[in-house]
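In what follows, a single structure is set out as structure tokens and then discussed.
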């Protein structure tokens, strides 16, 4: 099961517009990837043990590195570029140039493949949000 949306953002989906920067990487101007990486971290921090933008690996306009520890205690170094996110190492701040892993368009898709506990946390957050919307609708 791929989860390509953040349950915390469901209430803002009505503001979704064609061509918006929120639609992903295609068709947008070059971004500062460090800022993009910070946004990625803030989106999914609730569903992992630890996640932060690397301070020791070079960030630039076109690339940033994110360290993540899943709830299963597996550590990864992720590369964020205009192409998306991919695993580049199996430890914090580690880049293995020989590692061949696929790019994922979203952090949700990437974590969905790496962490069953992420899927569970995402599903629980989604359920809580839907229950809150239901309660608000009944008031």
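Note: Cβ is positioned from N, Cα and C throughout, glycine not excepted.
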Matching range for Swiss-Prot feature annotation, region 'Interaction with GSK3B and acts as a GSK3B inhibitor', among 90-114, 115-139: 115-139
Annotated range (Swiss-Prot: region 'Required for PRKAR2A interaction') out of 36-40, 41-45, 46-50, 51-55: 41-45
For the region 'Required for PRKAR2A interaction' (41-45), residues assigned helix / strand / coil by DSSP: 5 helix, 0 strand, 0 coil
